[in-house]
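S.K.: Quick one: this structure, given as structure tokens, is what I'll be asking you about.
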Amino acid sequence: SMASPALLMRVVASAYSVAEKAATIVRNVMAAGDLGIVEKTGANDLQTKADRLVQMSICASLARKFPKVTIIGEEELPADEVTEELIEDGHCEEILKRTCPAQYTGIKEEELVIWVDPLDGTKEYTEGLLDHVTVLIGIAYGGKAIAGVINQPYYNYEAGADAVLGRTIWGVLGIGAFGFQLTEAPPGKHIIVTTRSHSSTLVNDCISALNPDSVIRVGGAGNKIIQLIEGKASAYVFASPGCKKWDTCAPEAILHAVGGKITDIHGNAFQYNKEVKHMNSAGVLATLRNYDYYASRIPNTVKQSLVP
């Protein structure tokens, strides 16, 4: 008889369905028209009803199936009873059929940490820049991002009334990443994707020093990694604190699964064990290809201003 699928593949298969449920919640909140916006630390740090409901849905659904896994979400929420309609019990069959990479077959629940950003790009969501929005579920083991799910609830939203809205991208180190068409940025072009709403002198000085052909300013870390894997940008550069572990875990797993690289501005890998501080205080540098080209050109003045 077939052995039951390894824990990791069961978690990813469930996270896939949970992310699709999350996308439905995001779209329903927007369609109902009352976003329930709360300022957390200021006008660029917002929380909506969608952030709250999605986080409750993701965390409760995964905790019910995998009770010993550590789940860390962006939003600080009261421990309310989660209503049944927020629970997603399904899983993606296609993911369960994949063979788990040998190095991950023995993982136990208590060794996994799941980092959840229920709605990455909240500010853009409130402004109607819906293609910037993603739902991020990252799965870490031994402090390393090893699998991830990125859902774009509004993928295709400009394609007309009969277009199918949304898509789910997933990846596991040693298997690959799926749900999109892997494309490299135009060779010889230096296109940098960076923050839209968290700019600063340091952020801009760093980008200028890289002498880019063009700069794309968009919201959301998930969205920026998608720009890299779909060939719209050659590097994601953010010389500032502000990005958190739940912003980078899922995107990192997907980027690494297709041979890309993400670090802080100094070239240090991110750590995702449950005790780690949440802030990526030394910024972000990511590429699908040619990481060393960009890393070697980050000015020392920028590095000195960003303490890991």
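Indices start at 1 and increase along the chain as displayed.
Yeah, the Cβs are placed from backbone N, Cα and C, and that goes for glycine too.
Annotations for this protein, taken from TrEMBL, read as follows:
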- GLU74, ASP117, LEU119, ASP120, ASP247: Mg(2+) binding site (BINDING)
S.K.: How many neighbouring Cβ atoms, not counting its own, are there within 10 Å of the Cβ of GLU74 (Mg(2+) binding site)?
M.R.: 22
S.K.: Determine which residues of this chain, when GLU74, ASP117, LEU119, ASP120, ASP247 are set aside, have a Cβ within 8 Å of the centroid of the Mg(2+) site's Cβ atoms, and list them as they appear in the sequence.
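M.R.: Once GLU74, ASP117, LEU119, ASP120, ASP247 are set aside, the remaining close residues are ASP51, VAL116, PRO118, GLY121, THR122, THR134, VAL135, LEU136, GLY220, ALA221, GLY222, LYS244, TRP246.
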S.K.: Pick the one among the binding-site residues ASP117, ASP247 whose Cβ has the fewest other Cβ atoms within 10 Å in this structure.
M.R.: ASP247
S.K.: What is the Cβ neighbour count of LEU119 (Mg(2+) binding site) at a 10 Å cut-off, with all protein chains included?
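M.R.: The answer is 29.
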